[in-house]
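Written out below as structure tokens is the structure these notes cover.
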């Protein structure tokens, strides 16, 4: 009986319909379906396999190389004109009709004197804005700075009135290009006002700046009374 079953099973499989094929594995046969578990579609074409679900998002790739440099853009619009520069120093007098320059040579005229209108405090440049004298136009009231127009030896002096009454002190420094060249201090000492004064003689080159900087405390302005003043003039040129 067993022998009959072993012979009948391969014959039944071989006679089944469809394009399926089988393969002998020893004494048994394995049936294979080329269309997968779903079989062919209605028109005989293989049925599509359902897509797999998307996997996890990958890491960000490395940054690519920089592209080529683009061409320069068009020029921008023309900017507004700048402010006019400071006037230059006066030139030496020319020879008059039939005359010559004095034997002593040219004597420059550079001098200024200005007072302080409004009070200041803290750490700032004192802008002496009440200008009385400015021969040569080397002092600028808006910035409080004297700019040397001619190399030579100059004299400067300053007198600053402290606004006290609260037990504090006041320091005022004369600066040349940001470096202290003279200092003065006024202390309260139970008084409402006290003066800090000093003077210097400096050699300056063209473009050097001289100004007074408050280094703590309060300064009385004085409106037009000129309690606090700054002055200077050239002694002789190089």
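For all residues, glycine too, the Cβ spot is worked out from N, Cα and C.
Going by Swiss-Prot, these are the annotated features:
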type	residues	note
COMPBIAS	71-96	compositional bias 'Pro residues'
DOMAIN	53-96	domain 'Collagen-like'
DOMAIN	105-238	domain 'C1q'
REGION	36-101	region 'Disordered'
SIGNAL	1-15	signal peptide
Using DSSP, what's the helix, strand and coil tally for the domain 'C1q' (105-238)? 0 helix, 77 strand, 57 coil
Quick one: average pLDDT across the domain 'C1q' (105-238), no decimals. 90
